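Chemist: Taken from TrEMBL, the feature active site, proton acceptor applies to B:GLU46, B:ASP57.
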Amino acid sequence: MALTYQVDDKGYYGEFGGAFIPEMLYPNVEELRTHYLDIIKDPSFQKEFHDLLRDFVGRPTPLFEAKRLSEKYQTQVYLKREDLCHTGAHKVNNTIGQILVAKKLGKNKIVAETGAGQHGVATATVCALMGLECIVYMGAIDIERQAPNVARMRMLGAQVVAAESGSKTLKDATNEAMRHWINHPVDTHYIIGSVVGPHPYPDMVARFQSVISEEIKAQLTEKVGRNYPDYVLACVGGGSNAAGAFYHYLDEARTQLVAAEAAGQGITSGHSAATTFLGKSGVLHGSKSLLMQTEDGQVIEPYSISAGLDYPGIGPMHAHLFKTGRAHFYDITDEEALASALELSQLEGIIPALESAHALAVLPKLQAKSTEIVVINLSGRGDKDLATYQQRLNLV
Amino acid sequence: MNRISAVFESAKGPILNVYATAGFPHLGDTMTVLEALQEGGADIIEIGMPYSDPVADGETIQQSNQVSLDQGMTVAHLFEQLKDLRVKVQVPVLLMGYINPVLQFGVERFCQKCQEVGVDGLILPDLPMAEYESEYQEIFERYGLYNIFLITPQTADERIRRIDSVSQGFIYMVSSASTTGAKTGISSEQELYFERINQMNLKNPRLIGFGISDRESFLKASASASGAIIGSAFVKLLAHSSHLREDIVTFVRGIKGLK
Ligand SMILES: Cc1ncc(COP(=O)(O)O)c(C=O)c1O
């Protein structure tokens, strides 16, 4: 059988994936699994989804030729401007899709987890748009370091609940959201924010984010006369923006898929979130994937300057892309990401999110040729990170 | 015969299954707790293997897991503590935990250790039935281990029948849609659910867990099942006890209505 990078009918990407969930969640996840493809493929769903992406999110997002960056690195750099999406990041592509699914399933309440707060804001936004009740769990530490997004969620009418367990970051917010769903199984849909969780979530979220590479194909054709780049670069927390940017190139052998993981203070420092370098196969949040863990199978608290990359696992699709060698993974430190954020701001007039800055930081290491085309998925804008930039880049 | 089946065959009254987090309140307390539970009259004991991310558990059990891990508990260390289990404890013992630590220990090696120390069965809430049947059942059975499945008020009848056909020992009936320790007491709506399942004439007996905290809720649950499971209420007692053995014996006798 030919190697495939798509999910199989058991919910696996190679050896990764599955649905490792307690029986309490089985009816909900099973309901979603049996209906999601029919719902998504329905023409009326597609129309509503794409109308909202156009009129509410502002899609298509531009593909911008970054001339000064290109000159500096002697290659042809294009930025996919997901930072220009309404709410400031790619996360909203997924929340629009999932809220429409939730409505079709007859759910009237939404629960979500959030790290940087971008997914929380994107969820609170679509809940306001559709008039559904919204609860967002957020690690107590993230609530502190992403204060503007907490305020935005509250202004949008969402209830933000602090996750006080464990490391008090994204992993624990995800635990709390799952516990909330266990306690409210009938009327609530859980909008997961990345390509993680039990099958069918990774596949469903990847499909909603795949609009990114769908647009890149058309935009590249128009700009350079071919629909594929030589490289696509994206950061990977759980991996949703990367999944979207890679999706239509998974079987395009001429395109190299490149993922940037957060190395934090360095992969050997003990303060890192670089899963493919530090993890091994394990089960967390409902799927088998690569996971940072102790020898005893306890999940290790990750660290990154970027709240959106501060997660001990990656989606099963990315674990498979790593394992098969289809995608190449780079580890990017806090310092490298900060330097790239400053560079993009001053060379191109775009302040990126800290997460996206990790993808930008691959550029100096890539050694792409001057004739090659490099698309960087700029997953979000830096407004939410200004306090960190101010402090770490001495902007006084 | 597996000790679990023997208990159900010989039981005179309702069966009491008590959950205790291993290595809690102190790392070295595991065997003390087990012996006191047996002395008090517990019919089955469930030992919780602590995990960093127990999504099916509420705050009380989460915190006990974290305390135990912080004190240095591991799967390997637990087996070390259970080395003389069958010298001291005759009641059936189940290990309850999450799948990841078992995977890292090695499924086969884990089952072998269970058999070696005299563990009778496993409760792994995040190991789904389909996965169990395709990858695990053969290994578990080779080492004489029963795998206990959960059902909830939302589990469809058809799935309950499938679970019944794969189960051995008993079915763990979750009393309400919740994590552990979220609610206490039994409502009349829950009693209707208990009775509905009771009427299904399943092949396996059922024990009802979640929200059982005292003699009253124990008896209510046992009216429509073979018995019940106490978890969070017991872990709370462990957290606050100053005389572990005496407190445990008194608690268990109180639930069972023994003098
Ligand atoms: C701007 C931005 N990029 C990337 C991420 C990481 O998520 P993912 O790996 O799912 O794209 C986040 C998460 O919060 C984010 O806000």
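Each Cβ is built from the backbone N, Cα and C atoms, and glycine gets one as well.
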Chemist: By the DSSP assignment reduced to helix, strand and coil, which category contains B:ASP57 (active site, proton acceptor)?
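Modeler: In the DSSP reduction, B:ASP57 (active site, proton acceptor) maps to coil.
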Chemist: According to DSSP, which kind of secondary structure is B:GLU46 (active site, proton acceptor) found in, if we only use helix, strand and coil?
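Modeler: For B:GLU46 (active site, proton acceptor) - judged by DSSP and reduced to three states - the answer is strand.
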Chemist: Would you mind reading off the Cα separation of B:GLU46 (active site, proton acceptor) from B:ASP57 (active site, proton acceptor), to the nearest angstrom?
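Modeler: Answer for this pair: 15 Å between alpha carbons.
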Chemist: List the same-chain residues at least 6 positions away in sequence whose Cβ sits under 8 Å from the Cβ of B:ASP57 (active site, proton acceptor), in sequence order, or say none.
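Modeler: Residues satisfying the criterion: B:ASN65, B:THR179, B:THR180, B:GLY181.
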